[in-house]
Amino acid sequence: MVFNITSIKAASNGAWQGDNPLNYAFPLLIIQTVLVLFVSRSLAFLLKPLRQPKVIAEIVGGILLGPSALGRNKVYLDRVFPSWSAPILETVASIGLLFFLFLVGLELDLTSIRRSGKRAFSIAAAGISLPFVSGIGVAIVLRKTVDGAEDVGFPQFVVFMGVALSITAFPVLARILAELKLLTTRVGETAMAAAAFNDVVAWVLLALAVALAGNGAEGGPKKSPLVSVWVLLSGAAFVVFMMVVIRPAMAWVARRCSPEHEGVDEAYICLTLAGVLISGFMTDLIGIHAIFGAFVFGLAIPKEGVFAGRLIERIEDFVSGLLLPLYFASSGLKTDVAKIRGAASWGLLALVIAVACAGKIFGTFAVAMMNKIPVREALTLGLLMNTKGLVELIVLNIGKEKKVLNDEIFAILVLMALFTTFMTTPTVMAVYKPARGISPYTRRKLQSESSPISKDKVLRLLACVHGPGNVPSLINLIESTRATKKSPLKLYVMHLVELTERSSSIIMVHRARKNGFPLINTKKHRKGESQDRVSIAFEAYGQLGRVDVRPMTAISALQTMHEDICHVAEEKRVTMLILPFHKRGEEGDVEMENVGPGWRTVNQRVLKDAPCSVALFVDRGLGCGGQQTPGATSASVNIAQGVCVVFFGGPDDREALEFGGRMAEHPGVTVTVVRFVEKDGNGNDGVILKPTPDKCTDTNYSFSTAVMDRERELELDETAIAEFRKRWNGLSTYIEKKASNVVESVLSIGKGGEYELIVVGKGRFPSKMVASLAEHTAEHAELGPIGDILASSGHGVNSSVLVIQQHDIVHANEAPVSKVFSSEHQEGSTSTSYNASPMKENLVPSNLV
């Protein structure tokens, strides 16, 4: 069906009135958007194991939807992507592109470029100049080989080719670096600074290319050369105006939107979004593409304070998640791989890829070596700077829009961009692996067999937080173990920030200020730089007492966050790391808010791989009603007055007892140890536990499969209790309890209101009483049976809970279990056996229960 585009209507009257929605602009746009999102998201899911950035999936998805693949079916192409809909689709996509370039400008911190020094500047200069010069040679070859290439003026064609080969995609590179844990290594910092400089230069070169392209193609109507000069001068004046006038004005707006002025006013947000559109219109009026104005306006927004972050929160999901994929679809509809036909065309593709890679990699490598960067790091820099991605596609689309690039050259350059971006992650992983040597320290747990009570002078703890909501209770927990002169505390605080495709993740990189791989040092910050509220709170707390606090920020995807946590624990030689539970409550709350199931997976992986003891902190408003710490004059720091250590026996419980002993030193904390002992007559029960790996570990408790000496464990339990009572006599209370119902007895402690904090062991090597709970359905299996009882919903527990797992490689292997009953007992019995002899094959050794 042939359409006159001027007669196209926005909406149909509906199928009941005989209208086909696909013949109307708005319903068709909805179908196109849904299709684009489905294809791009599906490809992103498939490419995720290859650790490829989302932009790869979106580019491939656009090509698949275009004439290169699905578009070969003319019925599909005429129905879903008819020619009359192209201007509508491109207009909507261009709005998304406009705001995306604004976000890119927000991501770029000009001050970081100025701070980067001569090394990053020289690397960026070489990474631009050599590929640009190489692009001139490629342009000459293409003009002589590809039909129709000579119809375009030589200057503009050369500039477009040079920009296409020399550009580095800063947004894509930043996410690749973060994915590979290189974001804040020396290699990553240099690459980020060089790419930021490269990005700025690339947009200037693109503005030059657009200005020259406006001079007309060869054979067409000629325009005065002065037109290009006027365009460039007007563009320069626009940039100066934005930096001299608009930048201070936006700084004033940012100050008005600070927390001191009651947050961000909606009027300022709307004003800024209108500014993006006006800036785009002005550069389009000048003769430079509208996206250049949006990019410069983004640079003019101050990065400090909360204003930039609030802007990103308002627009990034809608722009990056919905509108930007439409841009790739419109690009894919212009890309026809079939135009590359014959050996000559495929040879040109190979030539373009080879020249682009060689120019960027060799130029960066040579200058990096001149700057005395090691060979492997220099090569890695070259590979990283070869990232193209989205920014490259923008350049190519503008070139095609301006008729500088024909269909065949456009397809060749799109495939080149796709190949160079795809190869970045695997080649960098193959070439460069940052050294992560194993630290020789041995103090990986609080409690030891030779000295149950730690005699170390310094206790090193690593405490992790998801955000400001974790801070008050965690400070109160740490304060309950506050250092004394004899036993000082060094506290590392790691703010865990999830890395996503969102621009706010990269903004966080600029704001994070702590050092230590893979982190950013926040100790030495520039004057006037906005500080993280988490860091401020802990640094203020460190000044109150004898606690050496080192805040830091880890930015990583949730799938690999545990690697960062475990690595820092290894690097900092910590004895215990404290993790926030994935649910959090307030004082007196019984129901707890789930802050994200992804964080539960992080905790599970840390528990499995941690190089030290681990404590999972189930927070129900710890210390909110406790007493204030003596000497806390400038801030309110409370402690948990009542602490209960629940002891059943085993390595994890002995570690919990050791932690409780540390808390008993505090003059404001009252520690009570409740030891559960077996009732008389249960010593010959006949139940054992059998490993059952096919059971789900999320709903079944896992226990250690290690062979251990039960008699030796009982001796260690008795020794630990004796040492605790001897050392803390008069400062703590010791209670022995014989319980017929373990669950009810434990819950009575949690619901009694006497204790604000209950400390328990995970129980991987369970006592007989804990083993009796092995087949209970678990709500939070990673907490162990006792911890899960206290943390689960519906039990009415008001106390916060600290579940401790002692570091010991002997317990590294765990498995869910099933009860196996001896022939001497009824099937319904819940008792367990303490046989000292070896067990049958495939059974957990008898010392387990």
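Each residue, glycine too, has its Cβ placed from N, Cα and C.
Here's what TrEMBL has on this protein:
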- 24-43: transmembrane segment (TRANSMEM)
- 38-428: domain 'Cation/H+ exchanger transmembrane' (DOMAIN)
- 55-72: transmembrane segment (TRANSMEM)
- 84-108: transmembrane segment (TRANSMEM)
- 120-142: transmembrane segment (TRANSMEM)
- 154-178: transmembrane segment (TRANSMEM)
- 190-214: transmembrane segment (TRANSMEM)
- 226-246: transmembrane segment (TRANSMEM)
- 267-298: transmembrane segment (TRANSMEM)
- 346-367: transmembrane segment (TRANSMEM)
- 410-432: transmembrane segment (TRANSMEM)
- 489-627: domain 'Cation/H(+) antiporter central' (DOMAIN)
- 820-849: region 'Disordered' (REGION)
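Most Cβ pairs under 8 Å with the transmembrane segment (84-108) belong to 190-214, among the candidate stretches 55-72, 120-142, 190-214, 226-246. Here the listed stretches are 55-72, 120-142, 190-214, 226-246, 267-298, and the one with the most C-beta pairs under 8 angstroms to the transmembrane segment (154-178) is 190-214. Most Cβ pairs within less than 8 Å of the transmembrane segment (190-214), among stretches 120-142, 226-246, 267-298, 346-367, belong to 120-142. A contact between the transmembrane segment (346-367) and the transmembrane segment (120-142) is present, since 3 or more of their C-beta pairs, 6 or more residues apart, lie under 8 Å. Residues of the same chain lying 6 or more positions beyond the ends of the transmembrane segment (267-298) and with a Cβ under 8 Å from any Cβ of it are 94, 97-99, 101-108, 203, 206-207, 210-211, 214, 227, 231, 234-235, 238-239, 242, 246, 250, 253, 256-257, 307, 310-311, 314-315, 394, 398. Mean pLDDT of the predicted structure over the domain 'Cation/H(+) antiporter central' (489-627): 73. For the transmembrane segment (55-72), the list of distant contacts is 35-36, 39-41, 43-44, 46-47, 81, 169, 172, 324-325, 328-338, 389-390, 393, 411, 414, 417-418, 421-422: same-chain residues at least six beyond its ends, Cβ to Cβ under 8 Å.
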